[in-house]
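A.B. asks: First the structure, which I've put down as structure tokens, then a few questions once you've had a look.
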Amino acid sequence: MSGIGNKRAAGEPGTSMPPEKKTAVEDSGTTVETIKLGGVSSTEELDIRTLQSKNRKLAEMLDQRQAIEDELREHIEKLERRQATDDASLLIVNRYWSQFDENIRIILKRYDLDQGLGDLLTERKALVVPEPEPDSDSNQERKDDRERGDGQEPAFSFLATLASSSSEEMESQLQERVESSRRAVSQIVTVYDKLQEKVDLLSRKLNSGDNLIVEEAVQELNSFLAQENVRLQELTDLLQEKHHTMSQEFCKLQGKVETAESRVSVLESMIDDLQWDIDKIRKREQRLNRHLAEVLERVNSKGYKVYGAGSSLYGGTITINARKFEEMNAELEENKELAQNRHCELEKLRQDFEEVTTQNEKLKVELRSAVEEVVKETPEYRCMQSQFSVLYNESLQLKAHLDEARTLLHGTRGTHQRQVELIERDEVSLHKKLRTEVIQLEDTLAQVRKEYEMLRIEFEQTLAANEQAGPINREMRHLISSLQNHNHQLKGEVLRYKRKLREAQSDLNKTRLRSGSALLQSQSSTEDPKDEPTELKQDSEDLATHSSALKASQEDEVKSKRDEEERERERREKEREREREREKEKEREREKQKLKESEKERDSVKDKEKGKHDDGRKKEAEIIKQLKIELKKAQESQKEMKLLLDMYRSAPKEQRDKVQLMAAEKKSKAELEDLRQRLKDLEDKEKKENKKMADEDALRKIRAVEEQIEYLQKKLAMAKQEEEALLSEMDVTGQAFEDMQEQNIRLMQQLREKDDANFKLMSERIKSNQIHKLLKEEKEELADQVLTLKTQVDAQLQVVRKLEEKEHLLQSNIGTGEKELGLRTQALEMNKRKAMEAAQLADDLKAQLELAQKKLHDFQDEIVENSVTKEKDLFNFKRAQEDISRLRRKLETTKKPDNVPKCDEILMEEIKDYKARLTCPCCNMRKKDAVLTKCFHVFCFECVKTRYDTRQRKCPKCNAAFGANDFHRIYIG
């Protein structure tokens, strides 16, 4: 511990050691060691040789001294680190020990009922650590055990006393402190035992049956608790006050610590600069020593002669002037002085650093042990004290209200418990009902599952039966589809016939309208038979197509299972349709030719029969009557077709094909009757025209008409034959169709029976599913009812809780309102006035405090800046003085008249100057071979590379930053 206060004493021998060594080395060099000087011609040469040897020895001694200094410095740094760690550990132990003692003291005052709180106040003063002495290094201090009894005695730092005392005194003091902490712990144990005895006595009195003893015990306990409450309240006030003062002091000391740290950083930067300068000077000195040693070795080895005033070269001899040696010695002395000055500056900076660290530690100690009495004098503390007294009175009132509320709470709890018991009983009964219903539903569900299994088995059996009857059904469906295709083809042919009929009717109407005169009646009679044969031709073609379609249908029924034959049949039908279209085109061309001929005849007859215009009008009236009759017939046929369509729509699918065939047969018969009627009409017209016309032209026309009639009669006979063939084919197809229908009816009956069985199974399955769904719905409804009952119970419980809370709130509000109304109304006006005044004062004080704090911070910043600038100016001033003294010496040497050099000396000086310019200013050893492209300063490549690698990427002369691409080599020839 003696090393804590004696840091400077340890550092002083380090400064005084090197000079002693120097003298010792000099003495040894002059007395002990023998020097071989070689051949000497004069006393001056002898002096020069001796000086050279001394200089060499001095350089060696300087190197030894520097090595010793480095070792000592490292040793001192290690000791300082060790001492700092020891001090830190001691400070931590002392801090926690003092905190332990303080906590024990507070606990004793908390539980020691015999002493008052005034003793604690005196003890608290003793706990405060004052400002440490200037020669102490401790961060936290502690009072001795003697200071506990007497709080007004001056308090000394425990660590400072330990540092100033001997080892025996240290042991005795530490033993005393340990004994004091032991005594404090034993006191805590005794106090705890007393409290335990008192509690046991009170519990015995309370457990005894006598009412008087119980009342006494309760009164005693109340008084004890009231005293304890008062003591605790005072203790909390004291601790809060202490915390407040400590926080304020902490803020102040934190600012001081920040300023000290900034100063320390400035000093550290200055120390680094000085260390850099010292290293630079040392390197220069070493370089000079090496150079001097090399020169001396050359002189000794080659036997160069040295003359006092000569400066020329004589056949292998080099003349060295004695003045140069003097100059070199003077430079060496200057460098030594510079080194001593730098060393002194470093020592001063180290002392300043130590002082700053001690101040920093003192400030930390002050921060941890701030004065607590200042808080009591502040208006904020007084205001808080008054507010605390008001709040304490209010707390007493609230306690009374709380007792009343507790009584009400016990009553409401009893009622609430009764209600809860009733609700629980209802819930248990509902649970029982629900269980019975759930059991019933499960039984019904099991029955439904059994029925479902039975139905599933039956359904599988029916499916197997249906799979057996599957191929028969497929064959029937295939036959039905083929018949449907045949029916579709017949429908297409019927539609085609209808279209042809309409075209024929439209052509008829056109031809009848064209016959405009009576003279053209004969022509029209000739034209009608021309048209009729075309119509007959078309009808015969239609009948032929109809018969071919029937034949194709029979082939389809026979060969329905063969797809290749169907394709051939389609191909044949397409070929037939193409042939029919070709025939129709040929017939149209013939009709066109006939129409052209008839038009020519009309043109020739029109000129002759203009006079017979009146007869033509009568014939036109007859033609109109005939057209009206035909219109009526067409309307009747339309009605018949509508009836057939209705019958076809109302008929089932099995009979639709039959209906189509019957309709086609009726239609063909009606067309035959129409054709016969037309034939009769034409014959009648022919007879009438034969009677009327006797001319040669009429005879020619009659002959032509007769030819046409013969042609038509032949065609009619052909049509009759085809009709008879078609009727026979129709009978055959009808019989085949009836057979197929009977088979279809049988198969349909079988299908219906199977469908009925399937429908029965499906209906039973649907019924079972419906029953299952109903049971599920009933179960869900019961679950919903249970949930609703639970939610109702929860809601009732919440309502009860809310009502209880409302009761508590209302009762507390009523009690507090009645008691506080009177007091609050009286104190409200006074408090308002005081609050307004206090708020105004607080605002003013806050504004003043903020302004003062701002000014203080500004002043502190300015002081720090001024101190930094002053230190920098002093440093620059010292450097400038050193430069001035060095330059003065040079000036004095240059002003001397005896020192006027000769030409060789001037040349040598110039060479030296050029060499100095070409050598790197950083290391002063290597040549300049690298340039910085940012500022164009020249150095050696090794120095620039080391600066770049060590991240000191600034120019040594102008501090301009440079990067990897901002320097390169140059070659000076």
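Backbone N, Cα and C atoms are what each Cβ position is placed from, and that goes for glycine too.
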A.B. asks: According to Swiss-Prot, one residue in Ser138, Ser525 is annotated as phosphoserine; name it.
C.D. replies: Ser138
A.B. asks: Can you grab the distance from Lys510 (N6-acetyllysine) over to Lys348 (N6-acetyllysine)? Cα atoms, rounded to a whole Å.
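C.D. replies: Per the Cα atoms, Lys510 (N6-acetyllysine) and Lys348 (N6-acetyllysine) stand 143 Å apart.
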A.B. asks: Around the Cβ of Lys348 (N6-acetyllysine), how many other Cβ atoms lie within 10 Å? Please give the count over every shown protein chain.
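C.D. replies: Lys348 (N6-acetyllysine) is surrounded by 12 other Cβ atoms within 10 Å.
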A.B. asks: Hey, what's the Cβ neighbour count for Lys510 (N6-acetyllysine) at 10 Å?
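C.D. replies: The answer is 10.
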